[in-house]
Amino acid sequence: MSYIDNILFVLILAAGFGFFAFNVKKLIRNIKLGRDIDRSDNPKERWNNMALIALGQSKMVRRPVAGILHIIVYVGFVIINIELLEIIIDGIFGTHRVFSFLGGAYSFLIGFFEILALGVIVSVVIFWIRRNIIKLWRFAHGDLKGWPHNDANYILYFETVLMLLFLTMNAADFHLQTVGADHYTQAGAFPVSGFIAPLFDGMAEGTVIMIERATWWLHIIGILIFMNYLYYSKHLHILLAFPNTYYANLKPKGQFENLASVTKEVELMMDPNADPFAAPPENEAGEEEVPSKFGASDVQDLNWVQLMNAYTCTECGRCTSACPANLTGKKLSPRKIMMDTRDRMEEVGKNIDKNKGTFVDDGKSLLNDYITQEELWACTTCNGCVEACPVNIDPLSIIMDLRKFLVMEQSAAPMELNNMMTNVENNGAPWQYNQMDRLNWKDE
Amino acid sequence: MSQEELKVPTMAEMMAQGQQPEVLFWVGCSGSFDDRAKKITKAFVKILNRANVSFAVLGTEEGCTGDPAKRAGNEFLFQMQAMMNIQVLDGYEVKKIVTACPHCFNTIKNEYPGLGGKYEVVHHTQFLKSLLEDGRLTIEGGQFKGKKITFHDPCYLGRANNVYEAPRELIEKLDAALVEMKRSKRNGLCCGAGGAQMFKEPEKGDKDVNVERTEEALETQPEIIAAGCPFCNTMLTDGVKAKNREADVQVLDVAELIANAQDL
């Protein structure tokens, strides 16, 4: 008996999961670059949202064609991966179809997987056509030039190849079962691969066994490669959609966060007994408290939920296709806000890796080097993007944090907005009217 | 419209008489100063007068809620405005606020509580709906019977606060034919004014947002585009003008529809 196969399998499996774990660690480290934000409230509502939106795909089906096709691919992948358990056990212990003792139930499962696999292939082909032939507006959009466009197609190719390997493997197995080859006991039902099996008629048994083994190995290796591809791809959403919907904002969409650091200062200003020349308060260590930075200019100033949002984004563009600014030809695209945030986060992460765990200023920032002021000032804060996102990503909160930095740290608002704010400050209205004229309408 | 004199008591006057109104009408900057929006304010007051609602306004004691400052990124100015307004409101022991501006509505309802200002806040369409349900107001179709009306959802009423039905129910009460735009309710397209855009020129693009939205509204072949926000009203009115349709399409606030239907 030779155990080379089993040892090789365990090594490949360990390498696959090991490298994946390595990247997951990096992913978590990068997300934790963000500021803290407490999202531990209302666990019941949060679990509910996750169940409905991520697991139940409730926001996906608002666009029914894409939604239903997506559900087929999603269910296909989740359920077919149950088979992964059998493959891993077979691989480690050198068994063949270890669960076949389940009999009828096993046949049902395998048959069901096959139908799903076919559904996945059909859906993926339609997805590919929508992206590359029909060129739907949001897929042909300028945001997706280069790598994002290729990434999307690689994912579709990967999924097709994996499903074809799975079906070919089953077909070869079915053929071998029928001709009564050793080890290939009768098990499973093959409603789809049954149509491929006749291709093997007349082939030497050894050749078919080779095909069966080759597809078995390629299938599992393919899955491991795909899993490790996630970190480099928009496809991360298959994992992060779950925490992302759990930790999403639960408050009304119109409610923007009130900055606590500002509240303190405003209270002081409005307190007639406050001493304007008082020394800044000291913290417990006896150091003067450093005033916090207002708003965000880089990824470290955003909170970890916003950074997780960036990794979760699968660049579907539903946000951008709901954005009034983008629809009318402005540069702002909420999808690009998320892609830029992720790219910058990756850049900062690599910088930290290179400099032994500390970030060394690279003279760049999310604001200006990735996201321009022209984009930021085009936002109407309409929440169209937030509503459209199938996994509750919030591009608007990032736009607002960058705007706060521009206005409060750099006084860099467009001139007309500065005029508006001066008016609010001086006469309590965004226009130059006298506060004392507020009730004149009554007698006009 | 008849020229009955409007009864608009201020909180100060009410307090001097030892009275507390049922509700404070937060007029907002637009409703106080903008010529078009002032008509909406008056229409709403006429309905309040007709329904014998005990209300008051802050008058010269009202100041910008700080919404445009906050959306522009100026948290300082927003909180200054908020704190000042909260002091005034709390001084009058205000419990309930109604406003015809979704921006004021959203800000006072959602962002003031964290700064100590806790009130029950309703949009005027919600308030009118409750008057109707309590039998304090009756709506007849009048001149709007059978007319094709499409409703534009203000972002800060709809998506921001999930209020979609109150304005629609009121329009339906006019026996009008309510037609929906392709993008409506939670998918409604912004008029282009939110996020302090009202106060600046748009960024470079192919088209203005209000024109895009007006085109969507005109696709429904409406006689009236109904709005529930003074800013949306301005944007859509400008959009209708840009499309040279002001002769056959009107932009009216839901409060104006109801007031006009009653010949108030």
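Glycine is treated like the rest: Cβ placed from N, Cα and C.
Features reported for this protein in TrEMBL:
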| type | residues | note |
| --- | --- | --- |
| DOMAIN | A:304-335 | domain '4Fe-4S ferredoxin-type' |
| TRANSMEM | A:6-24 | transmembrane segment |
| TRANSMEM | A:68-93 | transmembrane segment |
| TRANSMEM | A:105-129 | transmembrane segment |
| TRANSMEM | A:154-172 | transmembrane segment |
| TRANSMEM | A:184-202 | transmembrane segment |
| TRANSMEM | A:214-232 | transmembrane segment |
Fill in: In contact by Cβ distance (the transmembrane segment (A:105-129), the transmembrane segment (A:6-24); 3 or more pairs under 8 Å)
no
Worksheet, complete the sentence: Stretch winning on C-beta pairs under 8 A with the transmembrane segment (A:184-202) (pool: A:68-93, A:105-129, A:154-172, A:214-232) is A:105-129
Practice prompt. Among A:68-93, A:105-129, A:154-172, point out the range having the most Cβ pairs under 8 angstroms from the transmembrane segment (A:214-232).
Written response: A:154-172
Worksheet entry | Residue numbers, six or more beyond the limits of the transmembrane segment (A:154-172), whose CB comes under 8 Å of its CB atoms | 73, 76-77, 80, 83, 110, 113-114, 117-118, 120-121, 124-125, 127-128, 131, 188, 190, 192-194, 196-197, 199-200, 208-209, 211-212, 215-216, 218-219, 222-223, 226, 229, 233-235
Item to complete: Let me know the model's mean pLDDT on the domain '4Fe-4S ferredoxin-type' (A:304-335).
Response: 98
